[in-house]
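Asks: These came from TrEMBL, pasted as-is:
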ACT_SITE  204  active site, proton donor
BINDING   4, 179, 180, 181, 203, 204  purine D-ribonucleoside binding site
BINDING   20, 24, 43, 87, 88, 89, 90  phosphate binding site
DOMAIN    16-215  domain 'Nucleoside phosphorylase'
SITE      217  site 'Important for catalytic activity'
Ligand code: HPA
């Protein structure tokens, strides 16, 4: 047990999928895994461990925003020795070529700050994904026929941004989408020599205002879970 995770040592698999929403973790575990066991429910942040095609995997909520994800990923890595961590979540599209429902695989993350900012001081650290996971995820998405974009994303600190000029500058510099967690995931993976990737569905679009209807969200989320599982175990 850790401060925020009630799982016993050994209850967490080496591969962890991280949706922001704990109820998405429950849905994904019940839909895609066999022999599912609830391993955490501290503060309602649900985590499940089960089997996928003979491979042991944990699906655990991260919460929203980098401070929340940082707590869970620190403990998953340092206390439970998680080795492969894949965020599955949503993002806002920031380019015309990116459509609602498309998948974005984040190579690198741009931020104003992460919970790790203090240790870098004036250094602009560039958090990046694991190449093997990216490669595997791209081919899994292609095989499923899911339109997929590979490139940089923006990990924001606030959803209700009072500085919309920041989003404009991100679009101008080719950033594909905005979410709120991946930069800290990639930073922690780099620090502890783990594999990390963010697989994101475009749930809304900052340029067009379009949003994914709620009935489509489950299917898009399911595609992401399968892409992440294929990426981890290929
Ligand atoms: N901003 C930040 N995070 C998000 C968004 C957004 O527009 N959409 C989904 N996650």
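The backbone N, Cα and C atoms fix where each Cβ goes, and this holds for glycine too.
Where the annotation comes from TrEMBL, it is an automatic prediction and has not been curated.
For each listed feature, how buried is it and what is near it?
Replies: Taking Cβ-Cβ distances under 8 Å and a sequence gap of 6 or more within the same chain, the neighbours of residue 204 (active site, proton donor) are 90, 92, 93, 100, 210, 211, 212.
Under a cutoff of 8 A between CB atoms, and with a sequence separation of 6+ in the same chain, the neighbours of residue 179 (purine D-ribonucleoside binding site) are 89, 90, 91, 92, 153, 154, 155, 156, 198, 200.
Reduced to three states, the DSSP call for residue 217 (site 'Important for catalytic activity') is helix.
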Asks: Taking residue 43 (phosphate binding site) as the reference, which of 4, 181, 203, 217 (the recorded positions) have a CA within 10 A of its CA?
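Replies: The recorded positions passing the 10 Å Cα test are 4.
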Asks: Mind running the binding-site residues 90, 179, 181, 203 against ligand 1 and keeping the ones whose CB falls under 6 Å of it?
Replies: 90, 179, 203
Asks: For each of 20, 89, count the other CB atoms within 10 A of its CB; which of these binding-site residues has the top count?
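Replies: Selected residue: 89.
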Asks: Find, for the listed recorded positions 4, 24, 43, 217, the residue with the lowest Cβ contact count at a 10 Å cut-off, counting only other Cβ atoms.
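Replies: Each of the recorded positions 4, 24, 43, 217 was scored; lowest Cβ tally within 10 Å is 43.
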Asks: Within 10 Å of the Cβ of residue 88 (phosphate binding site), how many other Cβ atoms are there?
Replies: 26
Asks: May I ask you to report the DSSP-based helix, strand or coil state of residue 24 (phosphate binding site)?
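Replies: DSSP assigns residue 24 (phosphate binding site) to helix.
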